[in-house]
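Undergrad: The following feature annotations were taken from TrEMBL:
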type	residues	note
ACT_SITE	E160	active site, proton donor
ACT_SITE	E311	active site, nucleophile
BINDING	R121, N159	substrate binding site
DOMAIN	25-385	domain 'Glycoside hydrolase family 42 N-terminal'
DOMAIN	402-607	domain 'Beta-galactosidase trimerisation'
Amino acid sequence: MNEKTTNGESEFPGPMDILWHGAAYYPELWPMQSPREELERVRDAGLSVVRIGEFAWSKMEPLEGEFDFSLFEEVMDIALELGLAVVLGTPTATPPIWLTHGHADRTLHDQEGRVMSHGGRQHAAIEHPYVRERCRIIVTEMAKALGAHPALIAWQIDNEFKCDVSEDYGPSVRPVWEEWLKERYETIENLNTAWGTGVWSQEYQDFEQVPFPVKCPGLHNASLLTAWKRFHRERIAGYGAEQAEIVRQFSKAPITHNAGMLFQSNPELVMESMDFVSFDHYVDSDNWYRMVTNYDYWRNLKPDRSFWLMETSSAHNGSLLGFHKPHPKGFVKAEAVAAYALGAKAFCYWVWRQQRAGAELTHGCLMQSWDSPTVGMQACREVEAARQILEPALSGKRVKRAEVALMWSDTGRVMLDTEPHNGLDYCELLTQWSRVLRSTGMHVDVVPEGDSLEGRRVLITPFMPAVSEEMLGRIEAFVRAGGTWIAGPLTGGRTIEHTVPVDRGLGCVEAIAGIRVKHSYPLFNSGAEGVAFDARVELTGWSYLLESEGAKMVGTIEGGPTPGLGFLSENALGEGKVVVLGSEPCGERHDEFLKALFSHYAQGAAVEQWFTVSEGSFVSPWESLDSESSETLIACNFDGEGGSLRLPGRCIDTETGVEIDSEELVSIPAYGFRILAVEPKAYFRRDEEGTAVLVDRV
Ligand code: GAL
């Protein structure tokens with residue numbers, strides 16, 4: 001939604017219309033303070049938006065059925081006067097004591113049956129009919145009271161679904177679990193067949209017998225474990241959708257939810273009912289690449305709209321337990337520039353003022369609990385200066401859709417959770433693959449399972465054990481039309497019900513890959529190495545050792561119990577290729593090998609969005625909304641070392657107006673950025689050595 005957002009009654013631009021800069025503010029925690037003076041400070045810091053309300057249920061409904069939104073109305077009135085926009089959060093993550101006190105059945109139970117206490121967040125059992133009803137009521141009353149306020153530019157539903165808790169094993173879940181199973185399997189026989197419950201005499205005779213995966217001696221059935229997680233992911237998304245629907249009855253402001261990549265929810269499902277995407281991400285400067293993975297992902301959940309970064313720290317993280325190291329000077333600016341340059345329309349801090357009470361006393365902020373600006377405030381001023389430069393440069397443009405896509409699959413994540421194969425962590429693996437992919441200099445999208453694949457040239461789907469028929473159909477069409485699909489490690493080795501395929505080792509994937517899996521066993525600590533593209537790499541993990549049935553064997557295994565079999569195959573299909581990576585590269589040459597793999601196939605697929613940029617920096621290509629020909633490059637440095645970029649064509653530095661010749665080395669200042677307008681028609685391809693060569697794009 002780079003076009004204007006419908007924005008209800010608000011006097012402000014919509015969430016997608018400008019580059020916002022904001023912070024979370026909790027007026028309910030500062031009764032000794034004048035909200036006007038505080039909001040004046042917020043405005044003077046250069047911020048344009050505050051998020052309020054998301055934990056204030058006990059202030060809004062101190063006693064059951066008695067509502068008071070006056071503080072929030074007052075804050076919104078003042079914000080409006082001062083020119084500050086407001087995002088309102090529904091407060092359902094933190095119910096008041098009267099909702100759960102003395103009612104263990106209304107609280108979430110963990111896998112050991114422990115009851116979650118009042119005092120933290122997300123402890124209420126959202127499947128409990130009474131809890132659910134009170135959630136609906138508070139959201140309704142809040143939306144009625146505040147939903148048409150002219151300061152309001154957006155709603156945030158709840159806060160970070162499942163960030164502090166995972167699945168609920170409490171009694172209120174029982175009826176919905178059975179209902180979900182019935183809907184999915186229709187008969188208990190179907191469930192038994194799908195899950196292979198003949199193992200260990202698990203067969204069920206009725207849905208009411210299907211257990212929660214609480215502690216049992218040994219391990220539960222993989223299908224039960226995976227189904228349980230899917231069920232909860234659908235339920236929490238439904239909970240968000242229900243609130244969004246209520247809000248829409250009383251308010252025209254667009255709705256979002258601040259999700260996170262690591263929480264126990266599926267962002268792709270959650271965002272289906274939201275108007276725009278937002279997320280929270282706290283990064284430390286040594287791991288800056290993690291934020292790039294985040295931006296590359298959140299940008300793709302609603303590809304026709306931009307997204308918000310709703311929370312990050314202006315300085316460091318902290319809680320009662322400890323803190324992270326402080327961000328080096330300049331890092332927060334680089335973080336914000338990266339966010340805006342990779343498509344975010346907002347960069348917001350948690351939290352405006354230091355928490356004076358609670359569990360997060362040491363968290364980074366912009367103002368101390370007394371009236372003194374923090375190092376975070378310095379960072380905020382640097383961000384604001386950069387934002388003002390970026391805003392006109394990015395207006396009327398959007399980040400180009402990347403030709404290279406790495407799939408972040410919630411199915412893969414859930415299945416690796418159920419079956420971690422010696423401790424594989426899906427999120428960490430995908431983040432590392434994304435880091436290596438970005439380090440080639442390519443422009444990358446990290447895409448959800450539902451990606452249309454339009455405009456993609458290379459699709460990479462690692463660690464995705466099950467590929468649904470629908471997805472395989474979509475991918476096959478993409479390949480036949482000229483795309484390159486790199487599948488694996490593990491991709492295809494399980495059915496969607498988390499059983500082992502019985503037709504072929506890699507199930508439906510094998511059918512279009514021109515291979516046959518000869519053996520499937522762990523190459524873990526086996527001494528096996530893979531050799532491909534003049535590169536050699538140690539192999540590990542649960543592996544599929546391949547023989548050709550028409551495919552070219554690009555990589556073969558040396559050493560280990562069965563040397564000579566393939567681990568990397570390539571099959572021509574239509575205009576494109578299916579590439580199977582049957583084993584997991586590891587060890588010292590992991591990065592080098594993956595880079596060689598990605599570069600080889602990107603070159604073969606004629607990927608154009610590929611920049612010669614030093615490590616620690618990256619380039620984000622933007623296109624104009626109204627003309628295909630003009631392109632802007634934002635080059636950013638993250639590692640604080642500064643970087644350089646060899647330009648693909650003649651460019652103009654938009655800040656200085658200086659023309660820079662193609663092939664000239666352009667420097668990127670430490671934690672700094674350059675905005676470069678590429679001359680129309682200056683496009684390039686890689687030649688066989690990987691060097692950029694200018695071509696006319698026709
Ligand atoms: C987020 C949460 C905030 C605050 C922050 C601290 O997960 O949404 O309310 O707790 O973490 O880093």
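Backbone N, Cα and C define each Cβ position, glycine as well.
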Undergrad: Going by DSSP, is the residue listed as 'active site, nucleophile' part of a helix, a strand, or coil?
TA: strand
Undergrad: Taking only the Cα atoms, work out how far E160 (active site, proton donor) lies from E311 (active site, nucleophile), in Å, as a whole number.
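TA: That separation, Cα to Cα, works out to 10 Å.
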Undergrad: Distance check, please: Cα of N159 (substrate binding site) against Cα of E311 (active site, nucleophile), rounded to an integer number of angstrom.
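TA: Checking the Cα atoms of N159 (substrate binding site) and E311 (active site, nucleophile) gives a distance of 11 Å.
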Undergrad: Give the number of CB atoms, excluding that of N159 (substrate binding site) itself, located within 10 Å of its CB.
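TA: Result for N159 (substrate binding site): 24 other Cβ atoms within 10 Å.
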Undergrad: In sequence order, which residues at least six apart in the same chain have a CB under 8 Å from the CB of E311 (active site, nucleophile)?
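TA: Once residues fewer than 6 apart are set aside, E311 (active site, nucleophile) is near A24, N258, D280, H281, Y282, C348, Y349, W350.
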Undergrad: Over all shown protein chains, what is the count of other CB atoms within 10 A of the CB belonging to R121 (substrate binding site)?
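TA: By my count, 19.
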Undergrad: With every protein chain in view, how many other Cβ atoms are within 10 Å of the Cβ of E160 (active site, proton donor)?
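TA: So the Cβ neighbour count for E160 (active site, proton donor) comes to 21.
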